[in-house]
Amino acid sequence: MALKWSDVTPEADYLCRRAFLATGVAALATPALGLGGKPSGLSTDETPNSFEDITNYNNFYEFGTGKTDPAQYAGSLKTAPWSVQIDGMVDRPGSYGVEDLTPEAALEERVYRLRCVEGWSMVIPWLGVPLAGVLGKAGVQPGAKYVAFRTLHDPEQMPGQRSRVIDWPYREGLRLDEAMHPLTILATGLYGRVLPNQNGAPIRLVVPWKYGFKSIKSLVSITLTDKQPQTSWQMLQPGEYGFYANVNPQVDHPRWSQATERRIGSGLFGGRQETLMFNGYGDQVAGLYAGMDLAKHY
Ligand SMILES: Nc1nc2c(c(=O)[nH]1)N[C@H]1C(S)=C(S)[C@@H](COP(=O)(O)O)O[C@H]1N2
Ligand SMILES: [Mo]
């Protein structure tokens, strides 16, 4: 059985602990060991980025558009108590507490590549649960075809929402089969720790074969629907950002190539590496798009 990254890497653990203290993330019940989390065969064996990279280079426009704004400003977001409204075409609509959706004993470690549409990437050891199980708790009705997600809308706590860069709240969506795919998780932690606010605490979506903007942070609602939901980036620039947003080195952004990416932490001379179709998850997900023109459905 594979060990968790955090079991075998004292250096990462050290970096993690140091950054953990420095960023003042709330302590866990088991601070010495961190949260458990069963390792998963769905993880990459690539070296994860350091905790410091993962928590200091972020996109979270609710706290500003600069990469270091979230680390600087997201700390004050009140992440407990927190519940997620699950509604629409489900048998058991309602408000679900994060602890009930993601019990500690159910957490799995998933080391995933994250490829931002801007052309940079990281490897992040998430802790989370498959979204499929969460949707199962609510009971998806037969007519549902899509899942719509929303982030908290609270300009008092999220100062970035006082300016209209986005039509708040931040919205995302998946086709139901994408949402039910075993790679799709709701994360509540990383590096064996509770999720830092800048990474979307207390609960965020992670869909590793799609551009990072699909992985919506600080979720407050999940709605099952039969219509393709509107999504924030598509609403803003439909010619640049599509609903599918599958990582695809052959379909360039209108303003830049998507053929390569810069791995954060690779250093000044790290150069760029080739971007992989579906961010390297093609074996698992290509079947979802059989027969679709991926240049048209970008
Ligand atoms: N609510 C919300 N979710 C969001 C964003 C955001 O601005 N607001 N940015 C997205 C983008 S563009 C990326 S690349 C990832 C970054 O996740 P990370 O900061 O945890 O690496 O979050 C995504 N989720
Ligand atoms: Mo992104």
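Glycine too: its Cβ is placed from the backbone N, Cα and C atoms.
Per TrEMBL, these features apply:
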- Asn58, Tyr61, Glu62, Cys116, Thr151, Asn199, Arg204, Ser215, Ile216, Lys217: Mo-molybdopterin binding site (BINDING)
- 78-233: domain 'Oxidoreductase molybdopterin-binding' (DOMAIN)
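Of all the Cβ atoms in the protein chains shown, 23 others lie within 10 Å of the Cβ of Asn58 (Mo-molybdopterin binding site). Within the same chain, residues at least 6 positions away in sequence whose Cβ sits under 8 Å from that of Arg204 (Mo-molybdopterin binding site) are Leu186, Ala187, Leu195, Ser215, Ile216, Lys217, Ser218, Leu219.
According to DSSP, Glu62 (Mo-molybdopterin binding site) is assigned to a helical segment. With Asn58, Tyr61, Glu62, Cys116, Thr151, Asn199, Arg204, Ser215, Ile216, Lys217 listed as the residues that bind Mo-molybdopterin, the site has a largest C-alpha separation of 19 Å. Around Ile216 (Mo-molybdopterin binding site), taking its Cβ as the centre, 22 other Cβ atoms fall within 10 Å, counting all chains. A simple way to gauge crowding: the CB of Thr151 (Mo-molybdopterin binding site) has 26 other CB atoms within 10 angstroms, across all the protein chains here. The Cβ of Glu62 (Mo-molybdopterin binding site) lies under 8 Å from the Cβ of Ala74, Thr151, Leu152, Met158, Pro159, Gly160, Gln161, Trp168, Tyr170, Lys217, Ser218, each of these being in the same chain and 6 or more residues away along the sequence.
Computed over the domain 'Oxidoreductase molybdopterin-binding' (78-233), the whole-number mean pLDDT of the model equals 98.
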